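K.L.:
Quick one: this structure, given as structure tokens, is what I'll be asking you about.
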Amino acid sequence: MKALIFLGAIIAGVLSDEWSPMDPEEVAFEEAKCMEDHFGNDFGLAEKWMKWNLAESDGKTACYVKCLVEALGMYDKQAFQPNNIKRQYEAYKSDNGVDQAKSDAISNELGKIDAKDGKCESIAKGFIQVNNANKGVLEKIYLLDSSVRDAIYKKNPQIKPKGISIFRFCGKQFYQDGEAAYCNVRKHGFSDDPKFIKHSNCTTRGMRWMKKNGEMDESAILRGLHAVNENGKDDVVKKSLQNCKAKDESKARDYYKCIYDGLGEQLFMKVLDYIEVRSENYSYRLREATSKYDANAMRSKVKALDSEAKC
């Protein structure tokens, strides 16, 4: 069933964190995460980055570019990785509309950049120069061009598209709208029914709480807590993960439950509300109108999604 390979390699359960070509959802997630970490509430700057309008002389932009090229696998181990760029191109060459000779030329140009010092400025300067000389090409190779992205989503329903939350996307795979167990999940965050094992595997990976190799990512869980202005529960999360007795066959569900029990339902659901709303559009935090956490707005939006799910 196609749904079971949601998010490409993520749900397929890749057994290492070695880089592999990324689908448009993965790219969009990493792009937005880097923007959140570096835009410093400069919403005008974030708008420029979304359009790949990258200024060579701007310090924030330089460190954003470093974050982005590392997250997308273009730069690793103190060097640009032309083979990774070529692999990304090959994975979607029937969709990206880029000539292979052009892709190879750009990959090779990036490979020549001397950025061994790992500094933001060294990485960004060369990258921006190559990108500016080949406007729009890397956006197509990395599936950020809207026409390329939309075509891939249309052909690959196993990939979560923009506009649907991670919990609705996973819920539709394993439950029927209005189903009692599903409504229990939506209202309380957990269910003992067998379907929840698969559902939590989907959501936990989609939230990036679980890595491709099956390990839990403590930093991703804490990121969600901090996003809802809860900064005093880091140790609770750490202890919940350390003390969790998870079984291989239900690993995601078991860790999910350990975190749930550690934080308590109220706080856990507060975090999930935010993640659900943000997951519909990864640029949610980058818009001034929705940049500040508003618990009431989150709850109102999630209630609307509950109604959509007939819960």
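Placement of Cβ uses the backbone N, Cα and C atoms for every residue, glycine included.
Relevant sequence annotations retrieved from Swiss-Prot are reproduced here:
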SIGNAL    1-16  signal peptide
DISULFID  Cys34-Cys67  disulfide bond
DISULFID  Cys63-Cys120  disulfide bond
BINDING   Ser146, Arg149, Tyr153, Lys160, Asn281, Tyr282, Ser283  ADP binding site
DISULFID  Cys170-Cys202  disulfide bond
DISULFID  Cys183-Cys311  disulfide bond
DISULFID  Cys244-Cys258  disulfide bond
K.L.:
Please name which of the binding-site residues listed here, Tyr153, Lys160, Asn281, is nearest in space to Cys202 (disulfide bond), Cα against Cα.
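P.N.:
So, of the listed binding-site residues, the one sitting closest to Cys202 (disulfide bond) is Lys160.
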K.L.:
Can you tell me the CA-to-CA distance separating Tyr282 (ADP binding site) and Cys183 (disulfide bond), as a whole number of Å?
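P.N.:
So the Cα of Cys183 (disulfide bond) lies 25 Å away from that of Tyr282 (ADP binding site).
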K.L.:
Within 10 Å of the Cβ of Lys160 (ADP binding site), how many other Cβ atoms are there?
P.N.:
26
K.L.:
Please list, in sequence order, the residues in the chain of Cys311 (disulfide bond) that are at least six apart in sequence and whose C-beta is under 8 Å away from its C-beta.
P.N.:
Asp177, Gly178, Tyr182, Cys183, Arg186, Lys187
K.L.:
Among the disulfide-bonded residues listed here (Cys34, Cys63, Cys120, Cys244, Cys258), which has the Cα closest to the Cα of Tyr153 (ADP binding site)?
P.N.:
Cys34
K.L.:
Roughly how many Å separate the Cα of Asn281 (ADP binding site) from that of Cys34 (disulfide bond), to the nearest whole number?
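P.N.:
The Cα atom of Asn281 (ADP binding site) is 15 Å away from the Cα atom of Cys34 (disulfide bond).
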K.L.:
If you measure from the Cα of Ser146 (ADP binding site), which of the disulfide-bonded residues Cys34, Cys67, Cys120 is the nearest?
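P.N.:
Result for Ser146 (ADP binding site): the nearest of the disulfide-bonded residues is Cys34.
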K.L.:
Using Cβ-Cβ distances, find the residues under 8 Å from Cys120 (disulfide bond) that belong to the same chain and are at least 6 apart in sequence, listing them in sequence order.
P.N.:
Gly59, Ala62, Cys63, Val65, Lys66
